[in-house]
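Copied from TrEMBL, the annotated features are:
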type	residues	note
TRANSMEM	22-43	transmembrane segment
TRANSMEM	50-68	transmembrane segment
TRANSMEM	74-98	transmembrane segment
TRANSMEM	192-211	transmembrane segment
TRANSMEM	223-239	transmembrane segment
TRANSMEM	245-263	transmembrane segment
TRANSMEM	275-306	transmembrane segment
TRANSMEM	326-344	transmembrane segment
TRANSMEM	356-379	transmembrane segment
Amino acid sequence: MATPSPLLRVIFRYFFPCRRGVSLHALHGLAVILLPIAVIAVLRRGVVQASAVTLAYALAAYLLTNGHADLPGILANGLITGLQISSIIFTAIYFYNVQRGHGVEEELKRRIGSQGAPFLYIAVFFSGFVESFSGYGVPPAVVAPLLLSAGLDPFRATVSVVVGHTWAVPLASIGVPTAVLAALTEVDVGQLAAATVVSGSLSLAAIIALVSAKYLRQGAREILPAFALALLFALLGPVTKVYSAAVLGLVGLTLGLVLSGGLGRALETLVVLRYYLLLVLLLLASNLLGFGGLQYTFLVILAAALLSQFLERKFSRDALRRSISMTTRSIIAVVLFAVVAELVKRGGYMRSLALILAEVAGPLYALAVPIVGAVGAYATGSATTSNLIFSTLQKSYADAVGFDAVALLALQNVGGGLGGMVSPAKIAVAASTTGGKELEPR
């Protein structure tokens, strides 16, 4: 078996001084973490190139340290996991584009994008609702123009949504980032979603305080009910699980509309969102009946999209073409990173690195887990990619120090969502829809 070069040993020991010998496995684990971040953040390449480079390295490392005996099964398992996750990504975006084709966005702009609109509830809860069905920077592009048409200046309209939607990112696209973490670490997705929601309720409260005080200057009448919704979010987690952001986002928007314009205005808006309501109910029902797996979620979303087209008598290829265009690169990256994660897990690289982390930092590293998730999301532009990169490391560390793995992974998940708050890509998308030249100096 090959051993690390003396130079690599010296560098590793400098940053990770420990009694445990520095193994080749630990160095491979560190390389798999740093490679995609370097390709995206330093070399300014896309996520597909980063995933391909990382896969090539992980494959070479596995062949070097473990041979090729189990390789076909490992590649097949990674491919299956990646395709299952990708099916949710695609159908969630397809459902969103179908509703867009039905004119939902324009109708919402007419009904709630006017003077007297509940700014806080649109910026935080409605943007989170949109995120729960889409991802890909869609909420800033959809919701910021609503706030602009309702009277906010471009800067506040943009930033309040870029910040406001991040509480829902771990549950984006019907829970894809959470499903990724659960699948790659072999924990129960429902338990992980519930733990994520409980931890995320604290970040939601902080987001409400920040958006209302700094960007929207809301009064107590608007803020206090919003804080109550943050508490409700924590209570919803064990019941609605990966659908919690969709449920709370809808409840929050409805409450905001009732407070600003009465029950009639809220009901009119819910009629516009009727197919979103239908999908939420179908997903909750399928989960309660025991059909909550990735394959069933994919079928439920697809069925809801097709049913809405049948009922509206609007069958257009535009939604399909747009969905393919929006998701192709992400799906390729997810599949490749899923294979990388399987190679890394079976090769034992992250376990070796986690043992060194546990010896050097002990339980203190747990405090840095959400920061690691946030940095990963900022560097790669995606909470899902951050989870793909760090999932095995965080699980291995939790096992090494005896922490609850689900709770620790929830911190990674929440951190990944918050990292999108300062993502240049999301800011650029939102600014492009609100005439964002004045954003640059701020």
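Every residue gets a Cβ built from N, Cα and C, even glycine.
The recorded stretches the transmembrane segment (192-211) and the transmembrane segment (74-98) do not share 3+ CB pairs below 8 A when only pairs 6 or more apart in sequence are counted, and are therefore not in contact. Spatially, the transmembrane segment (74-98) is not adjacent to the transmembrane segment (22-43); fewer than three Cβ-Cβ distances between them are under 8 Å for residues at least 6 apart in sequence.
Same-chain residues lying 6+ beyond the ends of the transmembrane segment (275-306) with a Cβ under 8 Å from its Cβ atoms: 84-85, 87-88, 91-92, 94-95, 98-99, 102, 104, 129, 133, 174-175, 179, 183, 189-190, 240-241, 243, 246-247, 250, 319. Only sequence-distant pairs (6 or more apart) were considered; of these, fewer than three Cβ pairs between the transmembrane segment (245-263) and the transmembrane segment (326-344) are under 8 A, so the stretches are not in contact.
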